[in-house]
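As written in Swiss-Prot, here are the features:
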- 31-51: transmembrane segment (TRANSMEM)
- 83-103: transmembrane segment (TRANSMEM)
- 113-133: transmembrane segment (TRANSMEM)
- 141-161: transmembrane segment (TRANSMEM)
- 170-190: transmembrane segment (TRANSMEM)
- 198-218: transmembrane segment (TRANSMEM)
- 231-251: transmembrane segment (TRANSMEM)
- 309-329: transmembrane segment (TRANSMEM)
- 345-365: transmembrane segment (TRANSMEM)
- 383-403: transmembrane segment (TRANSMEM)
- 414-434: transmembrane segment (TRANSMEM)
Amino acid sequence: MSEAFDSRASKALPIEVLISPFVRFARMEAASGILLIVSTAAALVWANSPWKSSYDAIWDVPMVAGVGNFLLTESRHHWINDGLMSIFFFLVGLEIKREVLIGELTSLRNAAFPLIAAVGGTVVPAVIYLLCVGGGVAQKGWGIPMATDIAFALGVLILLGNRIPPSLRVFVTALAIVDDIIAVLVIALFYTHEIHLVSLLVALGGVGIAFGFNLLGISKPSVYALIGVCIWAAVLKSGVHATVAGVLLAFTIPARNYLDRDFFVKRGRWLLERFEKSEPHSFESHTAIHTLQHQCDMIESPLHRLEHGLQPWVSFLIMPLFAFSNAGVRFIGNIGVAVKHPVSIGVALGLFLGKPLGIWLFAWLAVKSRVANAPPELSWWQIFGASWICGIGFTMSLFIASLAFGYGNLLDMSKIGTLAASLVAGVCGSVVLWRRSALGTSEPPVSPATTSASV
């Protein structure tokens, strides 16, 4: 019976055979990072080709969206940076909420080490950048080297496989989440122009309504999506960058499920038995299937359901499209300028030197002062290698650069600095981790005493 079942289950439809290579690629943990690299390479090739003008023109085409008299007309570039990136920041907000409630940031004891390290990884790069650029308009770019591209950083660690301990990946994930929190605060507080109080109050009112829906037990994503669009439009009109709306809405999404676990197990078994005993394609069999599907939706929290549902869209559409539309900088004629320009130098040094130095130094101070404990199996060399990988600013740095400089030469210089530093930091961090694993694990751990102190 089981062999017959396996035989039937193994028969794939023609369309499944056709798309199976793409499905296998999408299931690779590093697939999103590979797609980002391809998107960036395509943008750079196009921007440095004889058809450079068409690359710029395609993103400047205006697009209109809205309902009734409320219409927004923005270029494709702005719809990507203000609209689609709001969905990315919504996903970031969901990840932050999950980490705070049930993840590495649940307790201050667990959060202290990556939190302090992340602060160092934002403060030191910003200081280095400001020292490089001095005064003037270029100062506005101080937030660019503060960012870490979590998708790329984790993608590099995944490619290293079992050469690194799992706790190092957890540390980088927690650090990147704190880094994202700081980035959101920086965007909201320092890259906001004129504030329109009425629109801001409308947005906050929408957030309050969404919290009310949460308390009432409303879990349908469509309800939160509808009010989320209203919050986004109000934030856009308020002068605060529209992506902040995504984070605010994420904090209102329910993180609890609405079904008892034991009841779900018993009810699920009963429904499966009912389905098994019913006639194929009968009303009873369809009722059992739909009821079981509803039970599955109820046992999973809206936060997890949305996070799981949005992740592929963000990883395989939004972020590659953002990279493709923002990474196209013309190297021809700019490289000679960039190697001497304070903005490109400041961004590059901030990411390549400031990030690893800040993370490692603040982590070391936290452990030596006994303010925080590091995972006992990690060595300082592993933390340093991971800190270097966190210097991959890429998409997040490009995004903040677009907020800081808009268009023009300063934006091009910051892009060149970001791309160069991200590449070198990723390679150097990978080499350090690869070499240390090849040499063995004889080096002493960061916190020898943490095993007895763990809870």
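Each Cβ is built from the backbone N, Cα and C atoms, and glycine gets one as well.
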- Item | Sequence-remote partners of the transmembrane segment (198-218) [C-beta within less than 8 Å, at least six residues beyond its ends] | 224, 227-228, 230-231, 234-235, 237-240, 245, 248-249, 251-254, 258
- Item | Dominant neighbour of the transmembrane segment (83-103) in 31-51, 141-161, 170-190, 231-251, by Cβ pairs under 8 Å | 231-251
- Message: Counting only residues 6 or more past its boundaries, what in the same chain has a CB within less than 8 Å of a CB in the transmembrane segment (414-434)?
- Response: 40, 44, 141, 144-145, 149, 152, 156-157, 159-160, 163-164, 326-327, 329, 331, 334-335, 338, 343-352, 355-356, 381-382, 384-394, 397-398, 401, 404-405
- Note on the structure: Contact set of the transmembrane segment (31-51) with the rest of its chain, CB cutoff 8 A exclusive, min separation 6+ beyond the ends, reads 25, 151-152, 154-156, 158, 315-316, 319-321, 323-332, 394-395, 419
- Chain residues outside the transmembrane segment (113-133) and at least six past its termini with a C-beta under 8 angstroms from it: 104-105, 139, 141-146, 148, 171, 174-179, 182, 342-343, 345-347, 349-351, 353-355, 357-363, 365-367, 371-375, 383, 387, 390
- Query: Between the stretches 309-329, 345-365, 383-403, which wins on the count of C-beta pairs under 8 angstroms to the transmembrane segment (141-161)?
  - Reply: 383-403
- Sequence-remote partners of the transmembrane segment (383-403) [C-beta within less than 8 Å, at least six residues beyond its ends]: 36, 40, 81, 85, 117, 121, 141, 143-153, 156-157, 164, 168, 171-172, 175-176, 179, 183, 186-187, 191, 241, 319, 322-323, 326-327, 347, 351-352, 354-360, 363, 374, 411, 414-415, 418-419, 421-422, 425-426, 428-430, 432-433, 436, 446
